[in-house]
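A.B. asks: As annotated in TrEMBL:
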| type | residues | note |
| --- | --- | --- |
| REGION | 1-30 | region 'Disordered' |
| COMPBIAS | 13-22 | compositional bias 'Acidic residues' |
| TRANSMEM | 52-74 | transmembrane segment |
| TRANSMEM | 94-115 | transmembrane segment |
| TRANSMEM | 121-145 | transmembrane segment |
| DISULFID | 185-201 | disulfide bond |
């Protein structure tokens, strides 16, 4: 009986070792002496693979945004010996480059940290997500508290777009899309385009005393090809005659009304983005 009692713990220990060998533990040849290796369950493997695929998706998205930004900067690069029309610091494509770099770096850290089980990379990934989420929440609160200053800043931005309309193709495209979709012209009215150096009535060239074609009520003029000169000479007409050719209302009020109407959709998109970042952090 004494010998049987001595054998029982040894037999139980051997059975546990056999169960561990049948599981997901490392082989004895690959284990370091004195280091305990936890047993990973199938659920843990599933969570690990899902986290890797989640970060890989955002890594590809960040690289796509980065590629769009770099392509935009290279497409507007000046010829050798010529000056750049728009300063690099105020180029809208720079935002795509910075956003793509940030998303790619954080997603790459999440991929490598999940794949290699690196605590350092995972801490960096979690800290970056918490920082981005905090900045988004802080930005939302500032927008709610400083709505008046936001309207003034938006007005100054639109005025700057009018003044630099011909200098930046991206800015020109943005202004044309806003005027065409909201059916507006200028900031307060179509006469705001007189502040542009190229559309001013005292400027030389065919665009003098005119407005962009995106201001026209019927740019096609009952045809199939848009008439790029439909707004020429509008600033020299009277209010009634000009109102029959272009949209007389400005884009400041129209854009403000559109933003107020889309407040729910914007809030939903912001909440979804924060939720996605929270899921990635978990």
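Including glycine, each Cβ sits where the backbone N, Cα and C put it.
Not measured: the values here are computed from a predicted model.
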A.B. asks: Using Cβ atoms only, which residues of the same chain lie under 8 Å from residue 185 (disulfide bond) while being at least 6 residues apart in sequence?
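C.D. replies: The list for residue 185 (disulfide bond) reads 179, 193, 211, 214, 215, 246, 247, 248, 249, 250, 251, given in order along the sequence.
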A.B. asks: Are there residues at least 6 beyond the ends of the transmembrane segment (52-74) whose Cβ is under 8 Å from a Cβ of it, and what are they?
C.D. replies: 88, 91-108, 110-111, 114-115, 125, 170, 279-280
A.B. asks: For a quick check of packing: other C-beta atoms within 10 Å of the C-beta of residue 201 (disulfide bond), how many?
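C.D. replies: There are 11 of them.
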